[in-house]
């Protein structure tokens, strides 16, 4: 019951605290092309995460599950939206269902709604090989997300305090998993050093989960008697984290998430080097406040606007969008300069 109550608290406080939108994309400007030599009708948006083919560079990221009927209903609706738009979808952490079988239905519902969909299972970095296998089997997942959430756990009143051995556990899961493993942050971003460590143990796909979206330090602080306010602005902004990712020069696929709400955010994230983008809090707010049809319509508009932007840039495919010239300025530029990451190749390609 404690875990289920926490799941419901997370939904409530994620909606009430909102998204900070401090993702850094305001520091990214595209170089206008007056002769794009492109046509809206021929733009295609297919992409890949590793060997996993996706019809869209937008997917529904991990949100919930394990909180009884309410979380079952949310996942049911999200799965319907994913089916309607042929989007991939991740579930929230399945540890609740591994600890209490009665909660499994809130995750299994997605496969009932969308039997042929692409779904990602989800567990924390404390998971064992056996738990990872059970989570994948529970929803017949196409991939497994392992989330890193140190700051959330430290801020959570009942959270973990020991983070030793995490990389070694991830390595074991990667070596034994029958599906691709995606390691993700939960809104605090990833540094190039972290990504290099993950690549060294065989991880091939990373969701950078940057600062700028749902702030899980703020969410957990709402549940505390004594707030750890120093964690409320902790992390690496989404745009910065994507560039840190691409600077590793590893053969990794990158997912951009963290405050992404618009087609321009999507286009900038991909142009910086992401293979796809993920939406969570923004979609949840629309679903909870305006209903499922409004969310379906919003995703239609996102795809339309993304194709308009790609047409303007002369990028006929997602791969071409990853090569358009752009200028990095402001705080993002200063951070990257201090970190010794060269940005000139973005503006001169």
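Cβ atoms are placed via backbone N, Cα and C, with glycine included.
As written in Swiss-Prot, here are the features:
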- 6, 7, 152: substrate binding site (BINDING)
- 62, 63, 64, 93, 122, 184, 214, 258, 259, 280, 281: FMN binding site (BINDING)
- 153: Mg(2+) binding site (BINDING)
Return the residue, from the listed binding-site residues 259, 281, with the maximum count of other C-beta atoms within 10 angstroms of its C-beta.
259
Site extent for FMN (largest Cα pair distance over 62, 63, 64, 93, 122, 184, 214, 258, 259, 280, 281, Å):
20
Taking just the CA atoms, what is the gap between residue 281 (FMN binding site) and the residue listed as 'Mg(2+) binding site' in Å?
19
Write down the Cα-Cα distance for residue 152 (substrate binding site) and residue 122 (FMN binding site), rounded and given in Å.
16
Cα-to-Cα gap, the residue listed as 'Mg(2+) binding site' vs residue 214 (FMN binding site), nearest whole Å:
15
Measure from the CA atom of residue 152 (substrate binding site) to the CA atom of residue 259 (FMN binding site) and give the result in Å, rounded to a whole number.
17
With residue 152 (substrate binding site) as the reference Cα, tell me which of the binding-site residues 62, 64, 214 is the closest one.
214
